[in-house]
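The structure under discussion appears below in the form of structure tokens.
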């Protein structure tokens, strides 16, 4: 299968490295320097003590997307640059979006000329160079259809033992659970400047995390809070040595995904006429530190 991957951050490069083993993969970069490096060197995949160079990846810095399946792995706030290009594509394509948060979902409803799929990524990944990505936590990508009348994505073509894909019967539910974990882990680790594991190991940070969890889970309508809280804590334990994406973004002076994560929850809280002071604090604390 021919697959195009738009976005070469950690998630896009991780997908490219694994999918290129069975498919014809082209990654679309913003910078020609990066596409030239990938075409010359390939993508270096680090998993534990293993380092593999994946040569069978083509890279382009253009915007002419020819592949029937496009995986959109840019940050949520970068979709504004990508969606107009997808709307101009005349051929009907399968579009798989892999963003954190949920505030971008209404934007995707304008793509009714295509089959649109929502993916929730549960892998840990870290981009350490223009052509290097580390697989820091094994997981799964759960995929559901945005439009009810479109055919499901054939996941057996993408699935492998080391990089599994799974059908999500209710993508909103799986995305809400991922959003809940992101809402607890990302802003706190970014503000406290700690690794994920500190949220379970430090009792003071754990109390803060539990308070944020209660506000977010209430907005999302989570019924079994005890089970979901344990899942969030298990993610922290499993990724204890990881630095969250929001922490890395703030340290690098990059724009964060706070709007897509906490911003979405604030919008939902307003609709529900519910006060969420901790989420408001986290939003403005992170947002205030972003460089304009």
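Counting starts with 1 at the first residue shown.
Placement of Cβ uses the backbone N, Cα and C atoms for every residue, glycine included.
Going by TrEMBL, these are the annotated features:
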- 3-145: domain 'Ketopantoate reductase N-terminal' (DOMAIN)
- 170-288: domain 'Ketopantoate reductase C-terminal' (DOMAIN)
For the domain 'Ketopantoate reductase N-terminal' (3-145), what's the mean pLDDT in this predicted model? 94
The correct DSSP tally for the domain 'Ketopantoate reductase C-terminal' (170-288) reads 91 helix, 0 strand, 28 coil
